[in-house]
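Over in Swiss-Prot, the protein carries these features:
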BINDING   G29, E30, T31, G32, A33, G34, K35, S36  ATP binding site
Amino acid sequence: MLRHLTIKDFAVVRNIELEFGPGMTVVSGETGAGKSLIIDALGFLSGLRADSSVVRHGAERAELSAEFDITIHHHARVWLRNVELDDGDQCQLRRIIRADGGSRAWINARPVTLSQLSDLATHLVEIHGQHEHQTLLSRQSQLVLLDTYAQNETERDAVQQAATHWQALLDERDALQAQGDMSERINFIEHQLTELQRENLDPATITALDASHRRQAHTAALIEACKNTTQTLHGDDTTSALHLLHAARHTLSRVNEHDARLGEVETLLDNAMIQVDEALTLLDRIHNDLNIDPEQLEAIELRIGRLHSLARKHRCTPLDLAAQRDRMAAEVESMRNMDIHLQQLDHRISNAMTKWRQAAEKLSISRTRAAAALSTTTTNLINELGMGGGQLLIQLQPHENNRPHPNGAERTEFLIATNPGQPPRPLRKIASGGELSRVSLAIMVAALGLDTVPTMVFDEVDTGIGGAIADIVGQKLRALGEQHQVLCVTHLPQVAAKGHTHYRVSKIPIDGITQSAICLLDSQARQEEIARMLGGVHISKEAHAAAGKLLQELQEM
């Protein structure tokens, strides 16, 4: 509910602050006094785009601020919480429009975009009578109002959940299909996998194969080296290592009794001869193992060639081929499972579509019943409001495609025939602001008691009417004010007299510049204002008495 409105340097307003309470608040004043500036200010606080022309002449910027009590307004609280802009039970909207054309907006003292301001405002205030900012002109808002009237929350939630589930499954399937044709990919990888599986790719085996290749490739050199080394260690001549060691050992044995340390040298020489013997034994074994086999060497080289070719193909080393083979096998298995998963997804998508259709059918039946009831009730109210022969039709139109839609299987269009014999036209195409306001009023009254926006603003609802019809309009607005906060700009005394609170806007010259001023009227001032609205500038006793009678009738309601 709107609690406080501040308007500064806006159009012809220098600075006004208004307090609002529950019920119906009326705003009256002479033509050109600036009555609609309050509604304009709320419009800009609701996200309407503005230019520098709204800034008061001579000022640098216009400042607008509105404070709302959202204690019991669930939708606004949820919206604020979802975007992390909540601040308890209060909500402040603020807008600055600069003379250079710039503009900034805040929600609860935090900067926001105009889009965010507009989104939140749809949960706080609804302005009727201005084409560019009337919620009921939106087909989506019409659908929401119809569902609210039908109390379809459970059915609509079921449809939304079913559509969301269907879309999630579809997205999952699309993501899998985006990876390409599974069968082609599987065939390609399986061909490569077969090539890898023909070879023994064990890293230890490949390492041993490389070692064997090196031996085979250098067998002749190895044999020659073994022969030469054996000859050096134990040849037939006196220069072999083993012969020289024996000679040295013999020389020391003849003199070792003269120096005990020579015994240690003899021990070392004995060990050296033992090691030479062991080396000769190993050399003989290696020599016997070394056989030149050209066929074996060729076979080894062919196998190594295949391994290196596979390694180049898969961009890895031969030792990494086993890991590559395992990865590819896992990928094939995964893709085979993916193919099965796609089939399962298709089945689940079909089931999700069936569930959505079932939920949407229930919602459609409820909407059809509600549309007929709301049309009848609103049509009666339209006629009461002076639009004789007017008729509201609520048309349910199927969506152009069969895809599950979160809002159900149909769209809504409110059609209005304002005069007998005229074909119904979409509500959004009504040219007359007064007719549009009265139709909106009738729809709102028909939906009394339902959970809609807390603050409703009406402008031009009394255009082109008077007398008994004006009295009916006032009664309907007051009845609406029992359920919601209503702000109504009016020039009809019958409507003004029905308000719970009454403000008067007037023009005052200050330093040769016309400015708008607004004041809250007490009972006496209110009677004077209604008398002025009845009789003009010169208030007669009859007008004063008639004003008193209108206010007395209000007390008796």
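Even glycines carry a Cβ here, placed using N, Cα and C.
Shown on the structure are the features that Swiss-Prot records.
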{"residue": "G29", "record": "ATP binding site", "CB count, 10 Å": "23"}
{"residue": "E30", "record": "ATP binding site", "CB count, 10 Å": "16"}
{"residue": "T31", "record": "ATP binding site", "CB count, 10 Å": "7"}
{"residue": "G32", "record": "ATP binding site", "CB count, 10 Å": "11"}
{"residue": "A33", "record": "ATP binding site", "CB count, 10 Å": "20"}
{"residue": "G34", "record": "ATP binding site", "CB count, 10 Å": "24"}
{"residue": "K35", "record": "ATP binding site", "CB count, 10 Å": "23"}
{"residue": "S36", "record": "ATP binding site", "CB count, 10 Å": "18"}
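A Cβ within 8 Å of the Cβ centre of G29, E30, T31, G32, A33, G34, K35, S36, the residues given for ATP, is found for these other residues of the same chain: V505, K507, S516.
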